[in-house]
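Okay, so here's the structure we're looking at.
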Amino acid sequence: MQFLQRFYKTTTACLCFHYKSTSLVIFPKPHYHTTPTSILTCEKYRASMGDYTEDHQSPLVQCSHSSDEESQELTHRTGTIWTAIAHIITGVMGAGVLSLAWSLAQLGWLFGPPAIIIFAAVTGVSNSILSDCYRSPHPEYGAHRHVSFLQAVRFFLGEKKQRICAVLLNESLFGNDIAYTIATATSIRAILKSNCYHKQGHDADCRYEDNIYMLLFGLVQIVMSQIPNFHDMAWLSVVAAIMSFAYSTIGVGLGFAKVIENGEIMGSIGGIPATSAIDKVWLVFQGLGDIAFAYPYSIILLEIQDTLKSPPSETKTMKKASISAIMITTFFYMCCGSFGYAAFGNNTPGNILSGFGFYEPYWLVDLANACVVLHLVGGYQIFSQPIFALVEKWFSNNYPDSEFVNGFYRLKLPLSEATFHVNLLRLCFRTLYVVTTTGIAMLFPYFNQVLGVLGALNFWSLTIYFPVEMYFVQRRIVPWTTKWVALRTFSLVCFLVSVLAFIGSLQGLISARFR
């Protein structure tokens, strides 16, 4: 997940990287407005900043929004289609896969599998047009690169749209941390219940509260959040990726084994029946929201594309990698969701590993849930570190003389030679962030409903709207042409689906909270 290291580093006008140390230099925003035909090069930026850049910019510092010649001095891009596929799968495969069996149970055999395929196709189309926005002015041979989602939005759509996009991206990251807190507590409770059922029988009253485990997870994250930045947590990303594949594979295997044990395929054409037609509609919309949560990776696509070598062009390689990765992911999702629904039918749990459709082998269930916990401990940091970096850099830029913001104090651990550098802003803000996500998770500890809300809220805006609008500018699509109408229709349909999924998931969340 190291391609996420540059996540959110384009929220100011020009960000520069030191050639050897990859340290980040942030300059104040110049007064300009980018358009598709005007690019702020490093030379223009230096001229606009005058003596400031002459005094503060070393010869080894270059702007990240750069031409091919400049970027070759900065980065050795050695990625291939295989590394891109690996990055995509690592970025996409997460806790959302555990809810797919429940989603299929709401939609039934008639609509469930086609819904997964449709979301896969929509994601493929969206990411194909987004990959064209990596270079400009030509999508394959343009001299200028846009190495992050926010940077591309700023260049093609302007600063106002970038600010809106930044809010949505931060909301997405914040929401994922809430979902991860809920999922972790659920998996810890599942481990305890699994051992309880194994010792006392499947009818035993094995009840455990979620809140205590959310608090424990929060305490762990308060400590983990003091990791300075992504450069110091590459090992955590590797562990998280391995754990993700491990528990997903176990989930598929357990579902397949259960189907063989039953000797029949459970489930129905229309899915789980509801007490009324309106309740069934809400559940269907909520299922769509859960599927939407499992797929998109548009916010990291350009970061992945920036790791690729050329020739062939990064755009061609990225499109092939996206198609391949989506096909692999879809196959995996179909297996996990379909085997889960086929194994339990109307009794399909919301979380395939912690809902106790599986009791034995209890040690394998324990192992899978332990993998979930380890993955989410690291995954929480993957989503929170960009927010930490954004807020702390803003305070550092605006309060450069503040000891609270910029001062560091050495802390020596007792009975150890190790010392840590403690920053008061980092300690206070990151602790407050973890406390906030933990508190919200304790108020709304409903896994499927929270995933549905997050998936519906972010699917259209980040996966469809911004890529389509940037593509219009990049390709200079003339209004009311065939392609313009087709893409507008595509965006509108996705918008309507997202609205319905959001309403259904929000209704489910409110109903669960006040039930």
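Yeah, the Cβs are placed from backbone N, Cα and C, and that goes for glycine too.
As the structure is a computational prediction, the values presented were derived from the model and not from experiment.
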(request) Look up transmembrane segment in TrEMBL and report which of 111-130, 211-230 it refers to. (result) 111-130
(message) Ranking 81-105, 362-383, 453-473, 485-510 by the number of C-beta pairs under 8 Å to the transmembrane segment (323-342), which range is first?
(response) 81-105
(request) Return the stretch with the most CB pairs under 8 A relative to the transmembrane segment (485-510), choosing among 81-105, 111-130, 362-383, 453-473. (result) 453-473
